[in-house]
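Undergrad: Reproduced below are the annotations present in TrEMBL:
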type     : residues : note
TRANSMEM : 209-228  : transmembrane segment
TRANSMEM : 235-255  : transmembrane segment
TRANSMEM : 275-292  : transmembrane segment
TRANSMEM : 304-323  : transmembrane segment
TRANSMEM : 329-353  : transmembrane segment
TRANSMEM : 360-382  : transmembrane segment
DOMAIN   : 775-890  : domain 'Response regulatory'
MOD_RES  : Asp823   : 4-aspartylphosphate
DOMAIN   : 922-1021 : domain 'HTH araC/xylS-type'
Amino acid sequence: MELVYSGASPGAKRIRMKYLVCIWLCLMGAWPAWATPISPSELLVLRDTAQTHRFNTYLAELHDSRTQNAQPLTLAQVQQPPWADQFVLDNVRQSGKAPGVYRWLRGYVRSETAASTHWMLLVQADAAAEFDVYAVRQNGQVQHYRLNSVLPMAQTHAVPHRHYNLRLNLPLGETVTLYLRGPGDESLFVGVAEQAYLLQQARLGDQVMGPYFGILLALLAYNFLLFISVRDRSYLLYSLYVACFILLQFDMTGYMRQFWGEGLSGYAMDLRQNLLLSLCIFFGTLTARAFLETPRLLPRFDKLLRLTLAVAWVPTLVAVVPMGSTVALLGPVCAALWTSVVLLVAGILVLLTGYGPARYYMLGWTLLLLAIANFYLGLLGITPRNNFWAFHGVHVASALEMILLSLGLADRINLAKKERQQAQEEALAALRDKEKAQTQTLAALHETQLAQNQALATAREKDEVQQNANRALAERANELQQAYHELQESIRTSHKLQELDELKTRFFTNISHELRTPLTLIISPLEQLLSESRHEPGAAPRPEYALMHRNARRLLQLINQLLDIARLESGQMRLAAAPVDLARLVGTSVAAFESLAASRDVALSFEAESELPDVYLDADQFDKILYNLLGNALKFTPAGGQVTVSVGLAHEHAVLRVRDTGVGIPAEHLPLIFDRFHQVDSNLTRLHDGTGIGLALVKELVTLHHGAVRVMSTVGQGTTFVVELPLGAAHLTPAELADAPLEAQAPQVPELRGSKLLALTEADSEPTGEDARPLVLVVEDNPEMRDYLRTCLATDFRVLTADDGEQGLQRIVAAVPDLVVSDLMMPRLDGLELCRRLRADERTSHIPVILLTARSEQETRLAGFGLGADEYLTKPFRPDELRVRIHNLIRQRQLLRQRFGRELKLELSEVSVTSTDEAFLSRAMNVVEQHLADADFSVEAFAEHMAMSRVQLHRKLKALTDQSTSEFVRTLRLRRAAVLLQGQAGNVAEVADQVGFANLSYFAKCFRELYNQTPSEYAAASLVAADTSSR
C-alpha cells in the first residue's frame, strides 16, 4: 500500500495540515513498502523486477530560493553551471522542505534487464500539486511530462493506479537522466518499478483496503438500521459521522481520483477535502455529546463541545475565503487539534464519573493514539517503517475505534434501559415511602382530632366502602347473570345435540330393525325353498333362489354393521368379556375363510405362538373384528397373493396380526382409514366395492375391549393390521365381565361373489351361424348381476358378456353386436368412457348403448346421454322393461338401415355427411366407386381399404344397410350401370365392363333382379323416355 495525502490549499504548506488532520480522523493510509536499500551512489541500476526501487535515495536536490515573482528555472538552466553544480545528494525525504518556492530533483537510472521490461516512474505527492518530469537520454532526446489534477487521467497515469505513474523508455545499458520540478514545500516520493509488479502491488493494496472500507460500510449500514429500528438519535449521528469518515478517507487515499478521474483544480480538491473534514468534526462532536451524555453528566464542559461545533467549520471557511497561506494551513490544523483535545478530555471526565460506556470511548481513542504515535515515530525514523503495523496500524485502530463506538452505543442504550428501570423502581419506592409517610401523618392527625371528627371520618369511610362494595356486588351480579345465560344457552345446545344424537341413534336402530323384518321374511322362505329343492327327489335346482338368498344375507350383514355402529355411538353396546383361548378362536375363524380364499386363488395361513394365556374378550364382538379384517384382506389381495394371520404376545398384550400382499394403502389415506364411510378408492372405476364402515366398526370394537389397532401399509407390497388386547381382567369393570363363559358363535364368512350358480354358461349364449336373433353384449363387473342379465336376455337374444369396460370394448370391436348393455361403475374403464369410445370409433358408432346404474342423479344421466347413450335404466329395474327397450332400439336401427338403403339409390356425390355412420357409408361408397371397373375387387380388398376386418365390415354394413358386403358392392355397381345406360354411355357389354362385370350373362341376371328389366330393355326405355321429354 502507498500513503497518499491530497487536497491542500493552493500555496499552503499542505503536508503538516494533512498529518494533523489524519491524526484526528485516523485516516492515515499505509506507508509505501519499497525495500530497496539506500545506496551512496547517484545512479540507480535496475536489475530486480520484483520490487519497487526507492529513487529518493539517488536524487540530488536544487532549491530555487529566489522570490516568488521570479521566473522558474528552466531545464536548460539547471543543466548548465552554475545551477547544475548546486545539486546536492541529500537522500530526499518524503516530508517537504521550504527553503525556496520551487525544488528541482535530479537522478540517473540505468536498466540492466531485458529490453522487453516495462519500467514505470511512480510519483507520490499531493494531488493538488503540479510537477514537471523530464527524461533526458544520452543522445540529448528529452521527454517532458506534466503532472497535475486538472489533466486527464490518461496523461498522468500510464496504468490504473492511485498515484501518478509514467512509462520510462530505458534502453538496455543506457543511463537516462531524470529531472523533476515541483513546489518546494511539497511532500514527495519517487520510485521505479516494473509495470506488472506495480499493478500486482496495487491489487494487494486494494485487497488490504477493501476489508477496511467494508468494515466501515458494514458499521454504517448496521447503525443506520438500528436507528430505523429503535429511533435513537445517537445512531443517526453516528451513521452520519461514519459516512463522512468513509468519504474523506476515500478521497485522501487517492481512490476518489482513481475511480472518478474528474479534472478538478487544486482549489476545488482542497475545498472538497476541507468540507468533508468539517463534516467529520461536526458530526463526530455531535456523536461524542450523545454518546457521553455530556449535557447531563458534564453540563459546564458541554459548552466547549458546543463551541467545537462552530470550530468544525473553520477548515471550510479558510478554503472558501482567501486569508493567506498561514491561515489556510493553521485553520484546519487548529480545528483538528482543538477537537482532538476537547473530545479526549471529555472522555476522561465522563469516565471519572463512573459512566460505563465511556470505557469503550476511551479504549478506542487510546488504540487510535497508540497507532498514530507509532506512525509518527516511524516518520522520525525511531520505529521500523517496513512492517504491517507501520503500514496499516492506523487503519486497524480506526476500524477498531468504530467498532468500539458501536459497542459503546449499544452498551449506552442497555445502560439507559437499566437506568430507566432503576429510576422507575426508585420512583415506585419513593412513592411507597411517601404513601407510608402520608399514612403515618394521617394517623397522627386522626389521633389528635376530636371524637366527632373521627366518627365523621369513619362514617364517610364506611359509606365509601359500602358504595364500593355495592358497585362490586352489582358488577359481580351482572357477570353471574351473563354467565348464567351463557350456561343456560350451553345447556340448551347440549340438550339439542343430545336429542339429535339420540334421534339419529333411534333412527339407525329403527331403520335397521325395520329392514331386518322384511329381510327375515325374504331369507326364511328362500332357505325353505332351497331346502325343499335339495331334498325333493327329481326336483330341478333353481339357481335364482341361491342368488336371492346370498344377496339377502349380504344386505343383512350390512344392516347389522350399521346397527352396531349406532349402538356404539349411543353407548348401548356392552362388553361381555370372558376368558377365551385366542389361538383356537382365531384358528376356527381362519378355517371358515379357507373356501373363500381358495375361490379367489389366495393362500391363507395361520400362525400362533405356543402356550398363549386366555384373553378376556367378548367372543361375539371379536368375531366381527376378525370377519372385517379377514374379509378386507381377501378382498384387496389379487389372485396368487397371500394372507397371513398370526397370534402372539408383546409387552403384556395379546397381539393379532392380519398381513396381506395386496394393493396397499397410500400414505395420505392411512390417517383416515378408520374413519366412517371413508374409502381409499371412491372413483367410478374403483376395483373393489364396499361401504367404508367395516374398519370403523373394527376400531370401535377394539376400543370397547380397551385395546388398540393400527395399520402399516406400502403401496404395491401389502398391508398389515395389528390388534393389541391387554391380558388379564384388571382393565375391565365388573359390568364388562360376563356371568359365565360364552361359546363363540360360528364365524360369519362373506358371501362368495362370482361363483357360477346360474345354470346358463358362456358357451350357452355364444352366437351360432344358425341363430338369427340379435346379438347383445352385457358389460358388468359383478358376476352375479352379469349372470342374471344373461339369464333374463337369453330367451330373446344371443348374449355375450364382458367383465369390465376394457374387455367389453375388445369384444365389441371383434364381434360388432347389435346392442350393448353396460354398467356405469366398473373397474379400469367405466360405462361413460366406454360409451364415448364407441361413439368415437366408426366401426362401433352405430351400436346402441343402454347404461345400467344404481346412481340416479340427474347429472349422471345427462353425462351419459351427452356421451351418446341411447337409454338409461336405474337399478333395480324390471327385466321385461329392459327387454322391451332393447327391442325398441333394435327396431329403430332397422328403420335406419332402410333409410340408408334408400340413399344408395342416389348418386354417390349426393350423399351428405350428417353423422359418423353416414360418414362411414360415404367413405365406403367412395372406395367402391374408385374400383368400379376392377372385376377383381374382392371383399378382402374392400375391408383392407376400410381398415377393418372382413367380419367387422360385414356386420357394420349389415347393421346400416341390411346388406352383406358383396351385396353392397354389387348394388352400387348396378346403380352406376343404370346411370350409364340411361346416359347412352355405351352398349350393354361396354357398360358391364365399366362397372366391373366380367360375365355379361351374370350382369344381365343381376340387373333384371334389381330393375325387373334386362339392360337392353332398360336402355331402350330410357331412350324412349328421353325422346318423349324432348318433344
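Including glycine, each Cβ sits where the backbone N, Cα and C put it.
Can you tell me where each of these features sits in the structure?
TA: DSSP assigns Asp823 (4-aspartylphosphate) to a strand in the three-state reduction. A simple way to gauge crowding: the CB of Asp823 (4-aspartylphosphate) has 25 other CB atoms within 10 angstroms, across all the protein chains here.
When DSSP labels each residue, the domain 'HTH araC/xylS-type' (922-1021) comes out as 72 helix, 0 strand, 28 coil, counted as helix, strand and coil in that order.
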Undergrad: List the helix, strand and coil residue totals of the domain 'Response regulatory' (775-890) as derived from DSSP.
TA: 53 helix, 24 strand, 39 coil
